[in-house]
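Chemist: My questions all concern the structure below.
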Amino acid sequence: MRMRKVKWAVDYLNDANCLIEDPSALKGTWKERFDQKKIHVEIGCGKGNYSLNMAKLYPQEAFIAVEKNESAAGIAAKKFDDANQQENLVLIQKDAANISEWFSAGEVDVIHLNFSDPWPKKRYAKRRLSSSQFLDQYAQILSDEGQIQMKTDNSSLFEYSLIEFQNAGYRMIEISVDYRRETHDEDVMTEYEEKFVSLGQPIYRCVWTRNNKE
Ligand SMILES: C[S@@+](CC[C@H](N)C(=O)[O-])C[C@H]1O[C@@H](n2cnc3c(N)ncnc32)[C@H](O)[C@@H]1O
């Protein structure tokens with residue numbers, strides 16, 4: 001769904017403290033930037049609740065939220081700055097299509113794909129954040145023990161992703177077709193997730209790694 005332009009939010013991006021303007025300039029130095037913390041990257045963070053609340057829950061880990069939409073990113077940026085969370089939380093307002101230009105090999109520990117746009121039409125399949133174009137780049141930037149954690153309400157996107165990950169050489173280590181059936185205090189809810197859970201819809205979740213250790 002297209003988001004309406006929110007002028008104050010777009011304007012806010014001009015002065016946001018949490019914003020990383022040129023992520024490729026930090027390639028290879030992210031661990032230094034974050035004091036050797038474990039690095040999480042959330043792609044398509046929307047208005048930012050997930051990365052913000054995870055950064056609060058895990059102050060010893062670092063969160064890099066990526067959002068291409070200016071209005072959503074501006075709203076997230078304001079929240080991040082207001083929370084004064086700069087020690088372990090930053091925002092990149094860009095399309096992640098070339099994400100491997102921002103991180104060097106093994107620099108990222110966890111990639112989060114939360115309620116990614118499903119792009120149901122086949123001609124737009126390349127835009128899905130779990131398409132092979134993205135999965136090949138994630139494989140380059142993930143650490144040896146690295147993980148990709150995906151949550152969605154969309155069963156078609158979930159089915160598509162299971163095959164894409166398998167074909168790209170990932171190994172599934174966790175799967176649930178009703179993740180919030182149990183309490184998961186260790187993993188906060190996104191804005192979309194709150195909405196779907198309140199409607200009683202199941203949340204599909206899967207975690208993949210590239211390492212072969214059982
Ligand atoms: C459906 S929303 C979900 C937002 C949030 N993750 C949540 O669960 O509430 C998906 C978001 O991903 C962003 N997005 C989609 N493709 C992207 C890309 N290639 N790079 C960065 N952001 C992207 C969209 O702009 C949108 O804000």
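Start at 1 and count along the chain as shown; that gives each residue its number.
Cβ atoms are placed via backbone N, Cα and C, with glycine included.
Please treat TrEMBL annotations as automatic predictions, because they have not gone through curation.
Pasting the relevant annotations from TrEMBL:
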BINDING   E42, E67, D95, D117  S-adenosyl-L-methionine binding site
BINDING   K121, D153, T190, E191, Y192, E193  substrate binding site
Chemist: Could you list, ordered by sequence, which of these binding-site residues: E42, E67, D117, T190, E191, Y192, have a Cβ under 6 Å from ligand 1?
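Modeler: Going through E42, E67, D117, T190, E191, Y192 in sequence order, those close to ligand 1 turn out to be E67, D117, T190, E191, Y192.
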Chemist: Look up E193 (substrate binding site) in the DSSP assignment and reduce it to helix, strand or coil.
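Modeler: Looking at the DSSP assignment, E193 (substrate binding site) belongs to a helix.
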Chemist: When you measure from the Cβ of T190 (substrate binding site), which residues in the chain that are at least 6 apart have a Cβ under 8 Å away?
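Modeler: T190 (substrate binding site) has long-range Cβ partners G46, N49, Y50, N114, F115, K151.
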Chemist: Under a criterion of Cβ-Cβ distance under 8 Å and sequence separation of at least 6, what residues of the same chain contact E193 (substrate binding site)?
Modeler: N114, F115, K151, D153, R180, I203
Chemist: Long-range same-chain neighbours of D117 (S-adenosyl-L-methionine binding site), Cβ under 8 Å, sequence gap at least 6?
Modeler: G44, R127, R128, L129
Chemist: Which residues, same chain and not among E42, E67, D95, D117, have a CB within 8 angstroms of the centroid of the CB atoms at the recorded S-adenosyl-L-methionine site?
Modeler: I43, G44, C45, G46, V66, K68, N69, A96, S116, L129
Chemist: Return the residues near D95 (S-adenosyl-L-methionine binding site), defined as same-chain residues 6+ apart in sequence whose C-beta is under 8 angstroms from its C-beta, sorted by sequence, else 'none'.
Modeler: K68
Chemist: Long-range same-chain neighbours of E191 (substrate binding site), Cβ under 8 Å, sequence gap at least 6?
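Modeler: The answer is G46, K47, N49, Y50.
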Chemist: Would you mind reading off the Cα separation of Y192 (substrate binding site) from E67 (S-adenosyl-L-methionine binding site), to the nearest angstrom?
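Modeler: It is 15 Å, counting Cα to Cα.
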Chemist: Is E42 (S-adenosyl-L-methionine binding site) helix, strand or coil when read with DSSP?
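Modeler: SS state of E42 (S-adenosyl-L-methionine binding site) = strand.
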Chemist: Across all the protein chains here, work out how many other Cβ atoms are within 10 Å of the Cβ of D153 (substrate binding site).
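Modeler: Other Cβ atoms found within 10 Å: 18.
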Chemist: Measuring Cα to Cα across K121, D153, T190, E191, Y192, E193, which the record gives as the substrate binders, how far apart are the two most distant ones in Å?
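Modeler: For the residues that bind substrate, the greatest Cα distance is 25 Å.
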Chemist: Over all pairs in E42, E67, D95, D117, the listed S-adenosyl-L-methionine binding residues, work out the largest Cα-Cα distance in Å.
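Modeler: Across E42, E67, D95, D117, the two farthest Cα atoms sit 14 Å apart.
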